[in-house]
């Protein structure tokens with residue numbers, strides 16, 4: 001188990017930066033830390049791109065055709081793994097493509113730079129600087145383009161907005177607009193016009209009218225030696241284009257204003273009319289529908305129609321949305337205002353709201369604080385996580401979405417686990433309760449408490465799901481309850497330190513408890529919970545886990561060792577020294593080196609693989625290690641993050657931050673910026689120093705292998721990371737040669753040579769071609785084609801069918817394929833463990849079919865009741881009622897339900 005690759009990021013939906021809708025409006029692109037997640041609103045899925053920047057992503061620019069994205073992080077690096085990397089040598093605040101997709105503008109510091117957009121082909125220098133624009137005196141904040149890509153506007157923190165020409169216009173080189181008393185948050189051009197809207201942080205909106213239409217802009221003809229120089233530059237393609245600098249002035253001379261474009265302010269509106277003075281944090285404008293959405297720090301969102309400034313709708317979200325960590329976007333389908341959608345993000349939550357129907361299209365929120373524990377369901381479909389915010393969330397591993405959140409705990413959750421049935425979740429918390437949640441009715445049906453208040457640090461449930469145990473952190477005891485009655489069965493005493501971990505033997509009725517008193521005790525449930533064995537350790541025990549067959553026990557201790565024990569004979573069978581494998585980093589404020597600080601670091605979480613041959617370990621480090629148990633060697637080490645925005649990522653300190661006055665990390669670099677704190681002079685007691693920025697430390701809090709053995713998950717500072725063997729690549733061919741092309745595949749389909757077409761499609765391994773090849777086979781010939789497929793390709797066809805059950809509308813056709821393949825090749829597949837994904841897909845399909853069937857029955861029953869309530873229609877006889885029942889049964893029996901919940 002060392003071929004896993006990063007698959008998805010769950011538990012976190014938004015961190016900071018701007019949001020983008022795709023060109024079709026069916027997906028939202030959200031920056032999450034140093035990664036980017038795409039939320040599919042149509043298929044209700046989320047997918048994290050297989051790239052990671054070195055710092056947190058600050059802004060994302062999407063090309064108009066949706067084929068190219070520029071991702072800029074706090075370290076000023078544009079990163080797209082398959083195209084180009086570029087360093088801007090400065091902090092980038094925003095990036096925006098021109099509507100024609102030929103150029104893009106980035107703002108850094110008080111300047112704006114326009115680059116030629118990179119193409120789809122490999123280029124020696126993809127980012128060619130075209131022009132540099134000067135004008136603002138403070139940092140720039142926002143960009144917007146005109147529809148024809150002739151001009152763009154830049155907002156600044158110096159309360160001014162600058163309009164620049166993208167070409168060498170004779171009557172518009174630059175224009176400065178004022179009229180605001182606070183920093184500019186957003187600026188927007190009107191559709192097919194140079195008219196402009198500007199919004200400031202104090203909630204003011206200015207409407208600017210231009211006296212010149214876009215068609216009235218005149219190109220400036222070069223003269224004299226400049227014309228000759230420009231002609232030579234155009235002829236010399238190898239030398240490239242020369243950079244041009246445009247320097248603007250706030251008050252240009254009068255002779256320069258003659259014959260130029262002029263702006264005049266038509267109106268000025270204020271959002272804070274009721275005295276609710278909240279800072280405007282984000283805004284978005286849709287030019288086709290003239291809709292303006294604005295978001296405020298208090299969680300209020302307004303939807304206005306411009307230019308009349310008519311309030312259409314107001315929405316309030318609970319809680320304060322951080323000014324620097326909020327964003328909003330607006331998208332409308334097509335040219336009309338049908339199904340407009342508004343997207344909001346802030347404080348780790350992402351909302352997509354359809355304002356006409358006043359309903360949520362997407363509503364996702366991660367844990368507010370760090371996640372502490374996780375557990376897989378027995379079938380591997382769900383993951384439950386518990387966090388320091390006291391919330392328990394259940395995630396769907398197929399879609400990546402959270403579908404239920406339990407908020408009954410009043411303090412941090414310390415442990416979560418599933419019962420053997422997979423329908424009950426048991427959690428422990430620092431609030432002194434252990435709670436059981438039902439996934440059928442989504443409710444807390446059991447609450448277990450101790451006779452005297454105590455804080456629980458861990459929880460475990462036996463294989464039958466009837467016995468619940470929890471370890472106490474302050475009373476050093478283990479409490480046992482009955483799941484059926486909720487009564488306290490026993491209190492196990494004997495530990496002399498806090499209980500750190502509990503684990504039941506999967507086969508026998510034995511409970512293992514690890515404690516800080518350097519012992520692991522084994523309690524026999526069949527023998528009145530007596531201590532059968534006490535395992536002595538050389539250091540404090542932090543985690544304990546049983547092998548899936550119950551024949552071995554693994555313990556992680558504070559001295560960075562993993563020891564293996566035989567629970568029957570209480571004999572140590574092996575040990576692993578993992579201090580060098582942890583390879584911890586040095587914090588910015590550490591006084592000692594990383595080598596010396598590693599002596600206090602250890603593995604804090606352990607889990608066995610599904611086959612029991614490997615053990616997965618993680619702790620206060622950015623690495624997750626997989627060890628071979630029998631050989632006791634390191635098989636592979638995963639680096640869970642390369643985000644330098646987190647602390648303890650580097651082994652050595654950056655010497656450039658060390659000055660003669662001390663470490664620059666002690667100074668808040670973002671003080672006075674946005675919501676930062678202005679650091680006063682020495683002796684001045686002003687400002688809330690508690691709100692200073694800090695860098696969270698990278699760590700792994702929990703690890704679990706999926707019961708299917710195909711993936712494992714880890715709760716980290718970045719979120720819930722899932723590593724899987726089933727990670728899909730964009731292009732991953734199989735035994736490819738020059739004779740396998742899409743054209744030859746379609747030619748084979750036209751010749752009705754279906755077996756050869758399917759084999760070539762799987763060798764090329766493109767999903768659309770696979771779907772086209774399989775669906776081109778007539779259902780009457782599926783049996784013949786299935787029997788003629790080689791055994792190596794049968795597994796690939798089954799994997800494709802399993803992944804298509806949830807999204808395809810041809811459910812019955814794919815079920816026929818599955819049936820014929822299993823009938824023809826079932827004997828060969830019995831000896832292989834490759835059917836887990838297929839069985840998972842089939843189970844989900846059958847659940848969806850049952851759900852759709854019940855919904856159809858309910859809809860028919862409601863329609864029948866509505867018909868009975870109409871006074872104008874007389875009641876029918878019993879024979880007619882029986883006939884209607886027969887029709888209903890006939891409809892339900894003959895109809896076919898697809899995976900999307902529609903009747904075919």
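Positions of Cβ are set from backbone N, Cα and C atoms, glycine also.
What TrEMBL lists as compositional bias 'Acidic residues' is 232-243 (among others).
According to TrEMBL, the feature compositional bias 'Acidic residues' maps to 876-886 (among others).
Summarising model confidence by region, the domain 'Small-subunit processome Utp12' (765-842) averages a pLDDT of 79. Summarising the annotation, TrEMBL assigns domain 'Small-subunit processome Utp12' to 765-842.
Residues or ranges marked as region 'Disordered' in TrEMBL: 232-257 (among others).
The feature region 'Disordered' is assigned by TrEMBL to 869-904 (among others).
Per TrEMBL, the feature repeat 'WD' maps to 177-209 (among others).
Below 8 angstroms of C-beta separation, residues 10-14, 39, 46, 347-351, 402-407, 409-418, 420-422, 425, 427, 429, 431, 437, 439, 696, 701-702, 704-708, 710-711, 713-717, 719-720, 722, 836, 840, 843-844 of the same chain, each at least six residues beyond the ends of the repeat 'WD' (364-396), sit close to that stretch. TrEMBL lists 364-396 (among others) with the feature repeat 'WD'.
Marked as repeat 'WD' by TrEMBL: 406-447 (among others). Each residue in the repeat 'WD' (406-447) gets a DSSP state, and the totals come to 0 helix, 24 strand, 18 coil.
Summarising the annotation, TrEMBL assigns repeat 'WD' to 492-533 (among others). In the repeat 'WD' (492-533), helix, strand and coil residues by DSSP number 0 helix, 23 strand, 19 coil.
In the repeat 'WD' (364-396), the DSSP tally of helix, strand and coil residues is 0 helix, 19 strand, 14 coil. Within the same chain, residues 138, 141-142, 144-148, 151, 153-163, 261, 263-272, 277-285, 287-288, 290, 292, 294, 296, 306-307, 309 sit at least 6 positions outside the repeat 'WD' (177-209) and bring their C-beta atoms closer than 8 Å to a C-beta of that stretch. Beyond the repeat 'WD' (406-447), the same-chain residues lying 6 or more positions past its ends with a Cβ under 8 Å from any Cβ of the stretch are 369, 372-379, 382, 384-394, 453-461, 463-465, 468, 470, 473, 479, 481, 483, 486.
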